[in-house]
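Undergrad: Here's a structure for you.
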Amino acid sequence: MAGSKIRSQYRCSECQHVAPKWVGRCANCGTWGTVDEVAVLAGNNKLNGAARRSVAPTSPAVPITSIDPGVTRHYPTGVSELDRVLGGGLVAGSVTLLAGDPGVGKSTLLLEVANRWAHSGKRALYLSGEESAGQIRLRAERTGCTHDQVYLAAESDLQIALGHIDEVKPSLVVVDSVQTMSTTEADGVTGGVTQVRAVTTSLTAYAKAAVGDPAVAMILVGHVTKDGAIAGPRSLEHLVDVVLHFEGDRASSLRMVRGVKNRFGAADEVGCFQLHDNGIECVSDPSGLFLDQRPLAVPGTAVTVTLDGKRPMIGEVQALVSPPAGPPRRAVSGIDSARAAMIGAVLQTRCRMPINSNDLYLSTVGGMRLTDPSADLAVALAIASAYFDIAMPMKAIAIGEVGLAGDLRRVTGMDRRLSEAARLGFTTAVVPPGVTSAPAGLKVVAADNIRAAVQTMREIAIAGAQ
């Protein structure tokens, strides 16, 4: 091994950028606290070749067909909407990260999960680093989650928390939250990047190594930053098996759990909940809940059907176009601002509507985030409805993607979207060309471009008013 040595590098855990010395902030991605010292092997080709020599495996490789799939089967949590997102339930030995804004209802949801888990004959342990056991007990009484197989421990030291797991021997562990846990095996302050990564790594290793029937399934609560990202390095998401985002507007009781990553099922599913003073409940038909709260037809509103994973959901867009008191303003909520600006520019250019010289306000109802391109046409018709001061009929929807040329394009799952619209009682659908079939009771009106769609909207509105 002559001529070779171990040397140090300073590498960013976010972007893998290598710095010549330690710095607090990565010069490449600008993230704070992600530059760590790592040891690398440097030397001649002989050493590198020796380092690549094989080692006898402790267990042989086997054909994939000989592996028992039951080892990683799903265990239902008892919360149907969460099971929907998880692909059927929690997998033994898995680690799930649930992230969301403070106060959105993460602790309430997971206390309900622990209670349902206990009701199925299994034991759950709730570890809290943010609240005392007495505070959790008060919430449990308020929400009716007081099963005697739900164990509580207020602990922020990781080693002691692992001792609680060894003593209680649960099959489900909830850690609320991973940012409040600390370990003596890593430097840094509690909640810092180094500590969060070390705690998550230790918990993941424990879950994978645990034995039992079933093994321990863990759910970690994670905080989010101001821009909605999970607090801590992005490598945190790579350490866990499942990443879920808990979303919702504080002005609304509707909450959504959205799958971002899932090693055991589809990663694009969404579950719907309603938060009450006495707990949280599943909403199996969120579209019906939305329609119950919808007011009478007014100018500036349009309805569409989006697809969140495999679930069709109704979404309402509201727009307001008004003369400016100064420089024209733009305010967008629940819709991508760049896409909203693009749709406004298309209306300005293709339909000769002076959108750019007016104030424009766009919002979704109930705190929904419309990222599906199928909502483009509804956004455009909501703006046109507000500009012309004409209300679209209550039973009309719009589905389609808008191109820069003003053309309308079909979106995936059109049959499923139209079936959902017909089920909810809609009678007219404005869609792009090429839709040849429609469910009974739903009239499909095809528009070649955005100009034709706006004209169709005006004709439908006038006919509905007569």
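Cβ atoms here come from the backbone N, Cα and C positions, even for glycine.
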Undergrad: Could you tell me which of the ranges 76-80, 131-135, 261-265, 371-375 is annotated in Swiss-Prot as motif 'RadA KNRFG motif'?
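TA: Motif 'RadA KNRFG motif', as annotated by Swiss-Prot, spans 261-265.
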Undergrad: Are there residues of the same chain, six or more positions away from Ser107 (ATP binding site), whose CB falls under 8 angstroms from its CB, and which are they?
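TA: Listed in sequence order: Ser128, Glu131, Ile136, Arg139, Asp176, Val221.
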Undergrad: Given a 10 Å Cβ-Cβ cut-off, pick out the one of the binding-site residues Gly100, Gly103 that has the most other Cβ atoms nearby.
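TA: Output for this query is Gly100.
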Undergrad: For Gly105 (ATP binding site), which residues of its chain lie six or more apart in sequence with Cβ-Cβ distance below 8 Å?
TA: Phe246, Gly248, Arg255, Phe273, Leu275, Ile280
Undergrad: Report the same-chain neighbours of Asp101 (ATP binding site): residues 6+ apart in sequence with Cβ closer than 8 Å to its Cβ, ordered by sequence.
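TA: Long-range Cβ contacts: Val224, Phe246, Glu247.
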Undergrad: Please give the sequence-distant neighbours of the motif 'RadA KNRFG motif' (261-265): residues at least 6 beyond its ends with Cβ less than 8 Å from one of its Cβ atoms.
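TA: Long-range Cβ neighbours of the motif 'RadA KNRFG motif' (261-265): 72, 74, 85-88, 91, 94, 237, 240-243.
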Undergrad: Excluding Gly100, Asp101, Pro102, Gly103, Val104, Gly105, Lys106, Ser107 themselves, which residues in that chain have a Cβ inside 8 Å of the centre of the Cβ atoms defining the ATP site?
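TA: Sorted by sequence, the hits are Phe246.
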Undergrad: Across all the protein chains here, work out how many other Cβ atoms are within 10 Å of the Cβ of Val104 (ATP binding site).
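TA: Summing over all protein chains shown, Val104 (ATP binding site) has 20 other Cβ atoms within 10 Å.
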